[in-house]
Amino acid sequence: MHAVVRHVRREFADGGGSHEVTVDTGPTEMGYRWLRYTLFATNVIVWLLGLALLVIGCLLVVDKDVKEVTQNFDIFDNYRVAAVFTLVLGICLFCVGFLGCCGALFLNWFLLLAYIMSMAVFVVLEFTVMGLVWKHANVHELEEQVSEAFRKLILKSRNGVYVVERFLDRLQQDLECCGGRGPDDYTLLEMDRTAGCFYYASSEVLAYSKGCGEAVSDFLMRKSLAIGLVCLFILLLELFAVGSAVYLYLDKRKKKATPV
């Protein structure tokens, strides 16, 4: 962003002549306006992200499929905590995005300062969460936990509970898997494989060979790259927003302190 340089000729009262003084008046009007509008648009995206998290949080609370999964899998029994956390995060981003929009629109130094501090806290928290996830993420451990959860679910279905059998079949069909660690889980438990373990191929009935624990971990690994790229984009967006807000705040304070 180019600065506007203005040359001012000042006359001295004692008759000592005059000389030209160079005054830096800050960024160009067009560049300054571009920065404000970009900050406004960035915070609209943050505001929409907060709205999306609010919707996701509400779905986690009321969605019947999510409730069915959590009722049958003990490892997901803390989903209500995750739902509440998602709702709180969505509300915070919703408010911060609105605050940033107002700060960029009205160029109020107090709003800009409050926005900078709030967004800086979010960025630090996001870096912390990303570091913890990177440190403690263990695909093998997740696969073992999911496999064991499926084995427990198979044991429940042995009692002839229709709801559990239907849920297990649908899950195995969707994930294209059979058993926790594989089809042998049914053999070890002295049970017949359920309908969800089979599929048709060339007029022949075949059984899935992959265990559902492995299928879940593979699914998460396939989605992890896309999720990581989205998180990186959001983080860069927030860093840009903080930098722009800091520039506007300092420029606003400078203009306020400098007499015209």
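Backbone N, Cα and C atoms are what each Cβ position is placed from, and that goes for glycine too.
Per TrEMBL, the feature transmembrane segment maps to 39-62 (among others).
Residues annotated as transmembrane segment in TrEMBL: 82-107 (among others).
Annotation source TrEMBL lists transmembrane segment at 112-134 (among others).
Following the DSSP three-state reduction, the secondary structure of Cys197 (disulfide bond) is helix. Every protein chain shown contributes to the tally, and the Cβ of Cys197 (disulfide bond) ends up with 23 other Cβ atoms within 10 Å. The disulfide bond annotation in TrEMBL covers Cys178-Cys197.
Per TrEMBL, the feature transmembrane segment maps to 225-250 (among others). Panel annotation: around the transmembrane segment (225-250), residues 35-36, 38-39, 42-43, 45-46, 49, 100, 103-104, 107, 109, 112-113, 115-116, 119-120, 122-123, 126-127, 130 of the same chain, lying at least six beyond its termini, place a Cβ under 8 Å from a Cβ of the stretch.
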Tertiary contacts of the transmembrane segment (82-107) (same chain, 6+ residues out, Cβ under 8 Å): 36-37, 39-40, 42-58, 60-61, 114-115, 118-119, 122, 241, 245, 248, 252
Surrounding residues of the transmembrane segment (112-134) on its own chain - C-beta under 8 Å, 6+ positions past either end: 43, 92-93, 96, 99-100, 103, 231, 234-235, 238-239, 241-242, 245-246, 248-249, 252
Under 8 Å by Cβ from Cys178 (disulfide bond), same chain, sequence gap 6 or more: Gln172, Asp185, Tyr186, Arg193, Gly196, Cys197, Ala207, Tyr208, Ser209, Lys210, Gly211, Cys212
Three-state secondary structure, Cys178 (disulfide bond) (per DSSP): coil
